[in-house]
Ligand code: SF4
């Protein structure tokens with residue numbers, strides 16, 4: 001099966017509903033056709049600017065609209081970020097993602113500082129990803145010029161369910177930012193969150209949108225909701241692990257060349273459950289030096305714990321991809337109409 005951009009929802013639903021072990025087998029087979037299944041990329045997420053975000057994402061501890069335990073923190077200085085990145089690299093990390101709780105990028109001195117951080121961390125031979133909110137084409141170009149490897153902008157859920165979770169921007173806004181990134185050679189990271197109260201149809205619909213983007217996002221994070229006290233979604237039930245595995249396997253099958261990242265929420269999974277996720281085609285995790293992903297509300301296993309788990313499972317960490325190996329995607333627009 002080659003790379004396809006015309007998946008129908010019914011086809012994706014049929015994959016999602018395949019008997020579980022058969023689904024994992026199919027996904028594992030495709031994983032081995034396109035990737036070295038012994039390699040896992042370890043990523044480190046750094047919150048370079050925390051909290052006080054004007055958006056109203058119903059799951060987020062950093063929205064200024066909700067009273068959560070997260071304390072706002074202004075933009076970190078460059079050296080702090082570089083030091084975190086150096087320590088991460090020594091611990092087996094090959095990709096560093098910098099997140100700022102902004103609605104959108106503005107052309108100001110703070111963006112200039114982020115561009116500087118991107119340059120310095122890229123010089124450490126790490127894949128650098130940024131997640132800074134919405135941006136326009138010229139801002140994407142400036143990030144490209146600074147050496148940025150990837151830009152993260154998650155769709156979170158289906159188009160239909162999106163407005164239940166977020167009202168301060170639209171699904172179309174999300175797709176436009178992804179399209180702006182696609183006008184450069186910066187790769188795209190876009191995925192979603194399980195556990196927002198969405199239906200299986202919503203998950204399938206989101207996978208359809210992602211898998212109809214041409215080219216597919218090079219990186220597809222699958223997050224599991226961390227229920228944050230004070231947010232509208234604080235009482236959502238946990239997503240059963242089998243649903244997480246189904247989602248990973250289906251993403252692997254419909255976007256075979258993408259990196260599928262087992263992202264936020266992994267800390268609640270046992271090693272055996274994580275092993276099933278890797279069998280189903282996940283080939284990346286986020287690990288940490290401080291027990292958290294972006295904020296304290298999303299726990300994250302530590303470097304040493306993850307190193308032991310990977311060794312136990314016979315897996316190795318993956319090096320960063322060289323700039324030359326990036327797909328040349330400039331000018332290829334998304335095929336999704338919004
Ligand atoms: S998810 Fe991002 S945009 Fe939404 S409230 Fe949180 S920091 Fe802001």
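Here, residue 1 is simply the first one shown, and the rest follow in order.
A Cβ is built for glycine as well, from the same backbone N, Cα and C atoms used for every other residue.
Over in TrEMBL, the protein carries these features:
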type: DOMAIN; residues: 38-266; note: domain 'Radical SAM core'
type: BINDING; residues: 53, 57, 60; note: [4Fe-4S] cluster binding site
type: BINDING; residues: 97, 129, 189, 261; note: [2Fe-2S] cluster binding site
type: COMPBIAS; residues: 315-327; note: compositional bias 'Basic and acidic residues'
type: REGION; residues: 315-338; note: region 'Disordered'
type: COMPBIAS; residues: 328-338; note: compositional bias 'Basic residues'
Listed in sequence order, residues not in 97, 129, 189, 261 with Cβ within 8 Å of the centre of the [2Fe-2S] cluster site Cβ atoms: 43, 45, 95, 131, 150, 152, 219, 221
Pairwise Cα distance for residue 60 ([4Fe-4S] cluster binding site)/residue 97 ([2Fe-2S] cluster binding site) [Å, integer]: 18
Other CB atoms, at most 10 A from the CB of residue 261 ([2Fe-2S] cluster binding site): 27
Cβ-Cβ distance under 8 Å to residue 53 ([4Fe-4S] cluster binding site), same chain, at least six residues away: 60, 62, 63, 64, 101, 102, 103
Binding-site residues whose CB lies under 6 angstroms from ligand 1, from 53, 57, 60, 97, 261: 53, 57, 60
Surrounding CB atoms that lie within 10 Å of the CB of residue 97 ([2Fe-2S] cluster binding site), all protein chains: 27
Distant-in-sequence Cβ neighbours of residue 57 ([4Fe-4S] cluster binding site), under 8 Å, six or more positions away: 63, 156, 165, 166
Taken over the domain 'Radical SAM core' (38-266), the model's mean pLDDT: 96
